[in-house]
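Note sheet for the following structure.
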Amino acid sequence: MVSPVVYLVVAALLVGLILFLTRGRGRAAAAAQEPLHNEEVPAAAGRVARPQPLEPEEQRAAGRPRRRRDLGSRLQAQRRAQRVAWADENEEEAIIQAQEEEDIEKPVETHLSGKIGAKKLRKLEEKQARKAQREAEEAEREERKRLESQREAEWKKEEERLRLEEEQKEEEERKAQEEQAQREHEEYLKLKETFVVVEEGVGETMTEEQSHSFLAEFINYIKQSKVVLLEDLASQVGLRTQDTINRIQDLLAEGTLTGVIDDRGKFIYITPEELAAVANFIRQRGRVSITELAQASNSLIAWGRETPAQAPA
């Protein structure tokens, strides 16, 4: 069974269709009667004055109302005017945009001819100023990067130089220590061969510990005595005189002892400080005689001790 709602919808559609057809017929009848009425008015007016002929463009078409023709003409004119205005506006915008793009590349001086306004000129100047500022900042950043790279390269170069100097210094110190150890070992071998204790006509070679101890006592005895007779020193330490002289010369060459051996067979021990004082005296006086040097040495060099040290046994 069909729902009542369907019947209601169909009835509403039929009523709407009837109203639409009725209204359409009324409009058609009114449009047909209007030309007849317009023709009667000029005929009656022709008895008084002859009507002027109409222009071709003002003649209306058959069956077309004047009002509708005028409305269409106005709409067409408005559309044409609107299209022209839109075309002009788009053309003006394109020209302005192209001119702005061209003005960005041109210097500001080219716009001083008065063809553009002050406001636009100010905007262009601001754009140019911002562009110049960006370029200056970019150049400053590049220069800063270049300087930082240069400083970093210099730092690395300086670090490398210091590292090489440190390595060279360590190598020199290592070689000096090795050479010192080698000299000490050679000196020990010489002392071991030379120092002989003569006891009851039988010579015995000293041990390593005895040799070091004997050498220390030998040097200490000379330093405390200041002036020693080489023959007496040789007899006291149990060495031959020539061996004693050779040992003292070796110690002088090594820098262990400082002093002089005179022509009377004596060794005079002089400390490095006393040697510096004598050298300073000679340098200050210029030319010095032996007598003056001997007199000055009495005050510059401490001769002997109140209690001389005992010679090594």
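Keep in mind that glycine also has a Cβ here, set from the backbone N, Cα and C atoms.
Quantities reported herein were computed from a predicted structural model and do not represent experimental measurements.
Under the heading region 'Mediates interaction with CDK5RAP3', Swiss-Prot lists 1-113, citing similarity to another entry as support.
Distant neighbours of the transmembrane segment (1-28): none; no residue of the same chain at least 6 beyond its ends has a Cβ under 8 Å from one of its Cβ atoms. As annotated by Swiss-Prot, transmembrane segment applies to 1-28, with the evidence given as similarity to another entry.
Residues annotated as region 'Disordered' in Swiss-Prot: 40-88 (among others).
Counting every protein chain shown, the number of other Cβ atoms lying within 10 Å of the Cβ of SER73 (phosphoserine) is 11. Taken from Swiss-Prot, the feature phosphoserine applies to SER73 (among others), supported by similarity to another entry.
The compositional bias 'Low complexity' annotation in Swiss-Prot covers 73-87.
Taken from Swiss-Prot, the feature phosphoserine applies to SER113 (among others), supported by similarity to another entry.
If you look up Swiss-Prot, you'll see 117-215 marked as region 'Mediates interaction with TRIP4'.
Per Swiss-Prot, the feature region 'Disordered' maps to 130-185 (among others).
The annotation motif 'UFM1-interacting motif (UFIM)' is assigned in Swiss-Prot to 194-208 on the grounds of similarity to another entry.
The annotation region 'Mediates interaction with UFL1' is assigned in Swiss-Prot to 215-313.
Here Swiss-Prot flags 228-272 as domain 'PCI'.
Summarising the annotation, Swiss-Prot assigns UFM1 cross-link to LYS266. Secondary structure at LYS266 (UFM1 cross-link), taken from DSSP and collapsed to helix, strand or coil, is strand. A 10 Å cutoff on Cβ-Cβ distances gives LYS266 (UFM1 cross-link) a total of 16 other Cβ atoms nearby, all chains included.
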Euclidean distance between Cα atoms of LYS266 (UFM1 cross-link) and SER73 (phosphoserine), Å: 148
